[in-house]
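So that you can see what the record holds, here are the features copied from TrEMBL:
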TRANSMEM  A:12-32  transmembrane segment
TRANSMEM  A:61-84  transmembrane segment
TRANSMEM  A:96-114  transmembrane segment
TRANSMEM  A:141-161  transmembrane segment
TRANSMEM  A:182-203  transmembrane segment
TRANSMEM  A:223-250  transmembrane segment
TRANSMEM  A:262-279  transmembrane segment
């Protein structure tokens, strides 16, 4: 019984992490309809920035996390302004090719600069080990992830639903022409959203070094996971991707624990079945643009 | 002249063999005799060309974007390896066909999943199928040899007459023959009314359905055929290199394949062949400059191609050949700029 609860806890932490990693993609892919396979590269950038700051320059872990966010967001906004924005109106094939190219470049570049082996971030002692709560083993680090990601999710939902920026973004996505006719600066809204999504990915990358493992092949290894979150979750709100991440996280952890021999088989089968059953995602809108 | 016969006239004109095409194949054949020390790399290019042609059939002609075409390549490769290893089908040509059929069955079965949904769903489903097969191959390592791959494959002589030699000469001509035969068939298919209907579907599925083309059935048919081609390419890989390992299913293989096709150009069969040559040359070049990091340059090529625009790039690339053809043959160039992309 306690093993089940511990697994559930780990799965939730894993799922929350996936959500923070992938929710930027939910905006670009789901809302802006841009296939960004290079999303993992931004996450990797954040992870490596955090690693360098903590391990080499001796920054405290919690001070390095915001910087991971900022640096990924900065890379994101530069790339968006210079490259991505030309591709919003192009075909999906072009977008796929372009972002695969970026992914390959980022993999080789990080390999060149930092070497190909897996890196670890030195964690403060307060985050290591686990404690027992009614006999259920709770990892401190995972608990922190759940807290951070949970707060982020609530904040995101509030921003999207309640603020002026949120309604601008939703308007820009629903009908860019009408939105710009109403005086909304659509490219600016998109650029800002893209950068924010990249920043979140960077933060997720920094947090995930301990759990998912961080090496130059991160963008390729976890690309499918991010895509699953978005396509299964749909794009009508952020609750869809959020639930999909939790489902994926719990499913993956449970799959690895109870049927270790089947490996990632469970996840892929689940994804294909869901996509066949509901091509627009579990919680998606019916009309795709 | 009424519209129907007009269309027929132009379709037939398009389908006729041109001097340039004959010259192309003669040059390929001549390469086999001119560079006897390069059989291995040339065989590799032929294999890649066949594989790319397979992707071109679904992407360039039917507009299905696939990120998991390596699935069929892998099935063909493992099928050929297992057939040879366990001595089930010893004759290579027969084994080749059987392997192709195995991939074809998988293609037929998965085509029903692929034709559902929009581009994005297709991307995900094709990618998922390839990953699924990779996971399966790793899981059943007692059959596939796991990460070590299938080892100790010994190929029997072709038709019981021509043995595979260690310089790869037999392998090269064998691959060339297979490629040429399959090219002839693909050429026939894409110029047939069936092929024309595929292009109609690619340009506008809704309109195609409205004029009475059974869209889903056509897509299933071409997807199955493409799977057969990819399976043959995979089987050739195993037969000429005598290994089959897990990386036949790898995502990089599918991604590279898209690059090859895009370099060569989608929507005309020579695109895959030209792309394969250019891609391998680029790869050689990059790996002599930076042995470990050639992937960076491949990525850069992709990014540049997309930013410049594929169609503009092809006009540049084909400018000289078309000019030569216009001067020599005194008519329109054979390798036209591919029509609008999906």
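Glycine is no exception: its Cβ is also placed from the backbone N, Cα and C atoms.
What TrEMBL says about a protein is an automatic prediction, not a curated fact.
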If you count every Cβ pair below 8 Å, which range out of A:12-32, A:61-84, A:141-161 shares the most with the transmembrane segment (A:223-250)?
A:12-32
Do the transmembrane segment (A:61-84) and the transmembrane segment (A:182-203) come together with 3 or more C-beta pairs under 8 Å, pairs six or more apart in sequence?
yes
With pairs restricted to those 6 or more apart in sequence, evaluate whether the transmembrane segment (A:12-32) and the transmembrane segment (A:262-279) have 3+ C-beta pairs under 8 Å.
no
Near the transmembrane segment (A:182-203), which residues from the same chain, at least 6 beyond its ends, have a CB less than 8 A from one of its CBs?
20-28, 31-32, 39-40, 42-43, 45-47, 49, 65, 68-77, 80-81, 84-85, 88, 152, 165, 168-169, 171-172, 176
